[in-house]
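Engineer: For reference, TrEMBL lists these features for the protein:
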- 45-68: transmembrane segment (TRANSMEM)
- 88-109: transmembrane segment (TRANSMEM)
- 213-234: transmembrane segment (TRANSMEM)
- 241-262: transmembrane segment (TRANSMEM)
- 389-410: transmembrane segment (TRANSMEM)
């Protein structure tokens, strides 16, 4: 008797997905029973994909409205507001990148779970196909033995025992038993057609799953690359990287919503199957297998009697009877007809091998092996597979949210880069008060022009336009002149001007010597540049303040 069936229980997420309303394209209610050949059912799954497409459209509309509003609404922000907006944009991009990375991690797990479930399904289908092919091979092999091999030996024995009527009757009885065995074997279903269908299903499933897994893997890599580009663009303040991130982010947004549509339709359709898989299998096998045989393998309970039990019992009895007849002929007929011994021994070996095939056939026809493969396939599809699809759907949602946020923050960062660049457009590149020039000079000091400071005193007399006063000559160390070269880039235009360390302090200092120079200084430079000069000059002149004349 078969063992008690291990009950299959649909997980809660399968039941929840099965309860999702099934609507056609005309918004009419559709039966949620899994029937992929029904056009109405196909429309209900397509409707779920269209819902994701509508969400994509709303998302794009929101992004367009946001970008238009941001471009049209221009405000003159203060410096503190700009700094605060820059910090907000940076942190928004960072949070969006972290959400995207978390989504990719969830997607990797879901993709692995789905792949494991599909491979479990393929493995179970292969095991079932191996069992069905073995049954067909045993049935056809045993039938061949009974029809051809046994018949040849019985014909030769009939010629040998032609003078003994009782032995001829025994041979005819054995022929009847062989015909009975063949009749019982003909009642066993031929699984050849079902095996071909299952093999095709396994091959197609493996083919589709490979490209599905590979597509998601490439999508994960694309998302990570976009996050990396966004981080580099913000860190380097590169407009090129930022533009690339916006273009790729829009592509990733479209792919995220597309994958969400596919995942939703696949998860709901698979859940419809997993809620009542027995019903669907009974429907599709109708006409190929008897309902009794299908139920036997689907339920495999002690209350269900094997449909092959009677045939196998009759097979066993007929085979045992034939073995007894052969043993009797060997014992009584061989002494009288020695030439019959060879054929009788061959018949005995044939019956022994047939008995071994009978035991193998009995084990293969038992429901426990095939039912285990059936449960393994359901576990792979309905547990791992659907669970993985849910995680992939969550990945798609989080990725869409992250890329929408990046696309919103990208133009703000772009605008901030443009505003920052305009602050230096009206300043001469050679101007010593330009922060960018000072920064470039610090990182790239013009070492080739440093000797000009050493020859300054010799060339001082030739400077007729600007004569430095005698009180400006001081014991200023050489290091200060080198700092001046670093500050002004070694430009002679600023070397001959009375700036830092040459007795011309800022006009705002009470002990400044020349008021005319202060007026010229104020007229040539903006307030921000003057403030920068005063801070730098004060640092250089403070150690020598007591040495300067009042």
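Backbone N, Cα and C define each Cβ position, glycine as well.
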Engineer: Taking 45-68, 88-109, 241-262, 389-410 as candidates, which has the most Cβ pairs under 8 Å with the transmembrane segment (213-234)?
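Structural biologist: Result: 241-262.
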Engineer: Determine which residues of the chain contact the transmembrane segment (45-68) at the Cβ level, with the cut-off under 8 Å and only residues 6 or more beyond its ends counted.
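Structural biologist: Residues 20, 22-25, 253-254, 257-258, 260-262, 264-265, 268-269, 400, 404, 407-408, 411 contact the transmembrane segment (45-68) from elsewhere in the chain.
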Engineer: For the transmembrane segment (241-262) and the transmembrane segment (88-109), does the number of C-beta pairs under 8 Å, pairs 6 or more apart in sequence, reach 3 or more?
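Structural biologist: Between the transmembrane segment (241-262) and the transmembrane segment (88-109), contact is absent.
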